[in-house]
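Here is what TrEMBL says about this protein:
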- A:10-39: domain '4Fe-4S ferredoxin-type' (DOMAIN)
- A:Cys19, A:Cys22, A:Cys25, A:Cys60: [4Fe-4S] cluster 1 binding site (BINDING)
- A:Cys29, A:Cys50, A:Cys53, A:Cys56: [4Fe-4S] cluster 2 binding site (BINDING)
- A:41-70: domain '4Fe-4S ferredoxin-type' (DOMAIN)
Amino acid sequence: MAINYNIPEYDVLRDPQRCIACRVCERQCANEVHSFDPDSGTMKSDESKCVNCHRCVALCPTHALKIVKNPDTFRLNAYWGQNDISEIYRQAETGGMLLSSMGNPKPYPIYWDKILINASQVTNPSIDPLREPMETRTFLGKKPGAIERNPDGSIKTDSLPPQLKLEVPILFSAMSYGSISYNAHQSLARAAQELGTYYNTGEGGLHEDFYKYGPNTIVQVASGRFGVHHDYLEAGAAIEIKIGQGAKPGIGGHLTGAKITDAVSRTRMIPKGTDAISPAPHHDIYSIEDLRQLVYSLKEATEYKKPIIVKIAAVHNVAAIASGIARSGADIIAIDGFRGGTGAAPTRIRDNVGIPIELALAAVDERLRQEQIRSNVSLIVAGGIRNSADVVKAIALGADAVYIATPALIALGCHLCRTCQIGKCNWGIATQRPDLVKRLNPDIGYKRLMNLVSAWQHEIMEMMGGMGINSIEAMRGNRLMLRGVGLNEKELEILGIKHAGE
Amino acid sequence: MNRIDANGRDFRALNEEIRAAGQEILIENCMGQRYIAAGMSGVSLTIQGIPGNALGCYLNGGTIRVHGNAQDQTGDTMNSGTIVVDGSCGDATGYSMRGGKILVRGNAGYRVGIHMKAYREQQPLIVVGGETGSFLGEYQAGGTIIVLGIGSEKKAPVGNLCGTGMHGGKMFLRAEELPADLPPQVAASKATEEDMAEIDGYLEEFCAAFSMEKQSLFDRPFYVLRPNSANPYQNLYTFN
């Protein structure tokens, strides 16, 4: 029906002077944008199928292709944007909830960009990380309330609660096998091992080939309990209870049957082709006391050897919720902000539910300190960390470490086309199609992840050195190292920082 | 058989004793200790008294016999093994279990068998002798749930909204009639001979566990509930 014609978001420009009709673009595009016209001997394109993943552009040997914003437009309207109108057409046609992926792309405030980092001048001189020791190692887990000593005066360490040891305060955030490919998972696992940090299985279980990365793996337990069994719990270095996710707070997950291939079925331990439904709530958790029960059931099942992480989405009452979690027996709280990515989430939820991680983090850290329970837990923050400066700001606001996922995927080749939900990722990341998965070479992928995190580690050390700080410990919650620009009183108050110039 | 007196033990100490005690264990004076046998495999436990929540959670083999009632989340995320309860069980019995068996002589609470699954040869089973509360088999994805309604005066021995979101497995209800509020994801019919043959061994096992006469179960009809689709929500979305 003509009414359903949606203006393609992007236009495919092909320079006929450069195009040699080699058909690489056609072979590379799982969305079938490009085709060869034998009559004219030229390439054609159907831009309505283009998601702007740039695969064809990157592989075109003669640089003949450009993907540009389509200038075709509905009548301009400052209130009714093109998306607003197109989405209505789509829903009027199908009756379906709109489904999107990756993080919230809307122009909400980005507090990271309104926070500036301090540096030393003259007094308390800066430290040169190239020639002086600089500690980026950190430990996640419950810390004892007081130092206990052995009779000989040495510090007692044998009764410490279990800790995760990170060489750099960056972990790879939860992404399930199913939502991302085998090769993507392998890249993350190998990189985590090499970097001395951790990756996270998400709620999709652990592939049999990846048990060997167990010491660098966080295994997740979510409401659907997919792939959760004794060996899985034993395999991980830590267990994460997923309560919520920044991209879709308050709702569950739903991996469609089409994505439950043989291998995904083995890992999730469900039959091939059936939907994998993760209900919105855990059906045994209605209170902090119930959460405590799940925490302790996991501790009992693994004999108190592993820290338990509870992951929640950053929502309005996050400080009070975190306070409850810190009393539940959990060792680590992970908070996922509203920019956090996803393989699929209802558009309206992704774009309208949750709060910025910067504010959530500041509020949680402050609340836990006020209640004198901050050392009960470590804090990992997630959801929109874009670079090493965001990491430094997060730690200075009170985080112990950060989770990254979107930057890791970008390092692997993701171009943020935000169409993971259709399962045809041309970069071999968010797909289970074997011909696409093999495009991501894990031997290259893990090195790119290592490069990224090592580069960030060096930058973090430079910034720390500039501040005259030589350990993550000394930077954590050190809000005096931060100043706000262009923030109002309330925002400064919540962030617990002064305005620049103060 | 090793005896453990649970009196005065907290759950952590009790589980440590169970791990140390070997395979055949009798726990006496059990008084609400949670997580008993969490994640264990190969133990044969007999419990006198009342175990607390999450009995046999993540259980990976072995048997647990409770001479008394059990509480909530019995057999949560259980992978294999057998739990037999002489009395009644609380809410979320067999939550997300993937394998093994839970046999309850009495009643069970709300959300029994919720999100139960199956995987290859692992075909979990819950048999409840009496009634269950609401939301039985919600999101059931595999396995078999049988509710016998022994002694029940209700026409169907279950609460409200049985089988919401069901997308795998089967439920058998011994009932005068079907629950009135079955959700659209469920297709229900009288059990055929073929259906009954499928659960005959299960009924046999249940009756043997509690010294009951199997024949006495056939004075009421059995209904079988199946999912309408393995993909009940596939038309819920449109790609944006």
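Even glycines carry a Cβ here, placed using N, Cα and C.
What TrEMBL annotates, mapped onto the structure for a quick look.
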residue: A:Cys19; record: [4Fe-4S] cluster 1 binding site; CB count, 10 Å: 16
residue: A:Cys22; record: [4Fe-4S] cluster 1 binding site; CB count, 10 Å: 14
residue: A:Cys25; record: [4Fe-4S] cluster 1 binding site; CB count, 10 Å: 25
residue: A:Cys29; record: [4Fe-4S] cluster 2 binding site; CB count, 10 Å: 23
residue: A:Cys50; record: [4Fe-4S] cluster 2 binding site; CB count, 10 Å: 22
residue: A:Cys53; record: [4Fe-4S] cluster 2 binding site; CB count, 10 Å: 25
residue: A:Cys56; record: [4Fe-4S] cluster 2 binding site; CB count, 10 Å: 25
residue: A:Cys60; record: [4Fe-4S] cluster 1 binding site; CB count, 10 Å: 21
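For the domain '4Fe-4S ferredoxin-type' (A:10-39), the DSSP-based tally of helix, strand and coil residues reads 5 helix, 9 strand, 16 coil. Taking the Cα atom of each, A:Cys50 ([4Fe-4S] cluster 2 binding site) and A:Cys22 ([4Fe-4S] cluster 1 binding site) are about 19 angstrom apart. For the domain '4Fe-4S ferredoxin-type' (A:41-70), the model's pLDDT averages out at 96.
Each residue in A:Arg14, A:Ile20, A:Ala21, A:Arg23, A:Val24, A:His34, A:Met43, A:Cys56, A:Pro61, A:Thr62, A:Ala64, A:Leu65 lies on the same chain as A:Cys19, A:Cys22, A:Cys25, A:Cys60 and has a C-beta within 8 Å of the C-beta centroid of that [4Fe-4S] cluster 1 site, without being one of the site residues. Each residue of the domain '4Fe-4S ferredoxin-type' (A:41-70) gets a DSSP state, and the totals for helix, strand and coil are 8 helix, 9 strand, 13 coil.
Cα spacing between A:Cys19 ([4Fe-4S] cluster 1 binding site) and A:Cys56 ([4Fe-4S] cluster 2 binding site): 12 Å, rounded to the nearest whole number. Excluding A:Cys29, A:Cys50, A:Cys53, A:Cys56, which define the [4Fe-4S] cluster 2 site, the same chain contributes A:Val12, A:Cys25, A:Gln28, A:Asn31, A:Val33, A:His34, A:Val51, A:Asn52, A:His54, A:Arg55, A:Val57, A:Ile67, A:Asn426 within 8 Å (Cβ to the Cβ centroid), listed in sequence order.
Cα of A:Cys60 ([4Fe-4S] cluster 1 binding site) to Cα of A:Cys53 ([4Fe-4S] cluster 2 binding site): a distance of 13 Å.
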